[in-house]
């Protein structure tokens with residue numbers, strides 16, 4: 001979900017954004033997981049995603065869409081939005097019946113999962129691209145290409161049989177084509193427009209350093225913590241002067257409850273070589289003002305503060321005790 005503001009303007013203005021802007025793409029897609037425990041039990045889970053941001057959920061009990069943001073409806077009319085849950089209900093019902101009827105024929109053993117990912121991508125200066133992929137128990141099974149169902153190599157003969165069957169249903173092929181090539185791009189543009197205030201927000205990261213003993217004697221594991229930033233794309237690196245430390249290891253970017261992100265970047269280094277290292281953070285919210293924290297500087301400040309405050313506190317306590325003793329001595 002990179003540089004959404006540029007993408008939005010690029011789409012609306014027909015690709016007129018300066019060529020110096022890094023070209024990215026944005027996608028909207030639906031995720032489906034259907035779990036079949038036995039011949040009579042199936043659970044369908046669905047969700048909608050704008051890039052890496054979840055925008056929709058699916059209530060399988062009521063057969064309704066869950067809108068996770070105030071702008072999750074995009075600019076579709078109420079009539080259009082009412083048609084979509086009905087379409088999903090028909091799809092899930094039909095899929096369950098077909099699958100249960102053909103489990104033996106396809107030699108599929110319970111329990112098993114069917115996954116699907118369908119949506120569209122917008123690339124700067126290019127027409128929208130639709131996609132639809134299906135998987136069985138986590139392995140690629142089939143895809144939709146050029147108005148036809150195509151088996152994946154991992155799916156083997158079983159996938160070929162399913163595609164041969166699906167390709168006989170012209171109505172299903174036309175519906176799939178219409179959804180990923182027409183409906184999805186229109187809905188994606190509507191989401192970008194309706195949610196542009198949220199999607200374009202910039203939140204500066206907070207950065208701090210820490211260390212922990214390494215398993216190897218004489219070494220330290222330095223950690224650079226970056227928290228509370230939005231949007232997600234960020235660059236963090238341990239540096240020595242202008243030299244990037246290639247041994248830097250980046251963890252997963254983890255979400256906060258408020259929609260911002262957290263990242264921890266570490267460097268395994270000899271304790272005697274830690275001096276002179278720094279952590280550098282680049283983020284769109286910082287513009288060109290990178291955050292740079294030097295290892296040891298914060299520790300030095302703490303030690304200096306501790307060295308000044310502790311004697312001062314002790315001196316104050318000593319003075320108070322002396323005054324108290326003098327007071328007691330003056331009492332007859």
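Cβ atoms here come from the backbone N, Cα and C positions, even for glycine.
What you see is a predicted model, and the numbers here were worked out from it, not measured in a lab.
Swiss-Prot annotations:
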type	residues	note
CARBOHYD	25	N-linked glycosylation site
CARBOHYD	38	N-linked glycosylation site
CARBOHYD	75	N-linked glycosylation site
CARBOHYD	146	N-linked glycosylation site
SIGNAL	1-17	signal peptide
TOPO_DOM	18-300	topological domain 'Extracellular'
TRANSMEM	301-321	transmembrane segment
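Taking the features listed in Swiss-Prot, we show where each one sits on the structure.
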residue : record                      : Cβ neighbours (10 Å)
25      : N-linked glycosylation site : 13
38      : N-linked glycosylation site : 10
75      : N-linked glycosylation site : 14
146     : N-linked glycosylation site : 6
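Distances between the Cα of residue 38 (N-linked glycosylation site) and those of the glycosylation sites 25, 75, 146 are shortest for 146.
In the predicted model, the topological domain 'Extracellular' (18-300) shows an average pLDDT of 92. Comparing residue 25 (N-linked glycosylation site) with residue 75 (N-linked glycosylation site), their Cα atoms are 21 Å apart once rounded. Rounded to the nearest whole angstrom, the C-alpha distance between residue 146 (N-linked glycosylation site) and residue 75 (N-linked glycosylation site) is 28. The DSSP secondary structure for residue 146 (N-linked glycosylation site) is coil.
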